[in-house]
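Undergrad: Submitted below is the structure of interest, expressed as structure tokens.
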């Protein structure tokens, strides 16, 4: 869903009018922390068997890097929903052994039959089936996005917040605002 949001936001930004100069001047503090957090998250999932018990701590550290990066940009309101979403996902994943709880019925409806079957057999490295004893299951992947959306999906409340933030961040970076040379809430790099 995150890729879909990025593509949709890019298309809308193009329609609204992209301002390359403003985009080049847009400042995202700690961008390396965002990249590091996403890299660690990817590695902790792809190489979970190789890293064993360290996976849980690596996975949670990826969220910590993302949260620090969001905090560094706290004066920019478009980062707030991203921060809320990352925090909500981090909490539910931390309380469920490093795995995101998924509503089995929603996964089946979305057409994720292999995922649903794996969940029913005990889960995956990154996901686990919601049961009556799942801590904070309400923050898990429980929101089914049905057709007519071209790619049905299952999202968490945190994912929704992240999607909202990503959409507005891309708009803020790329679209020239009336009377402004850069994003409406982003910081313009100072010319010295």
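First residue shown is number 1, and so on along the chain.
Even glycines carry a Cβ here, placed using N, Cα and C.
Below are the features listed in TrEMBL for this protein:
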TRANSMEM  30-47  transmembrane segment
TRANSMEM  54-72  transmembrane segment
TRANSMEM  78-98  transmembrane segment
TRANSMEM  119-139  transmembrane segment
TRANSMEM  154-175  transmembrane segment
Undergrad: Under 8 angstroms, Cβ to Cβ: which one of 54-72, 119-139, 154-175 has the largest number of such pairs with the transmembrane segment (78-98)?
TA: 154-175
Undergrad: Would you kindly list the residues that approach the transmembrane segment (54-72) from elsewhere in its chain, counting only those six or more residues past its ends and only Cβ-Cβ distances under 8 Å?
TA: 29-31, 33-34, 36-41, 43-45, 48, 79, 82-83, 86-87, 89-90, 93-94, 97-98, 125
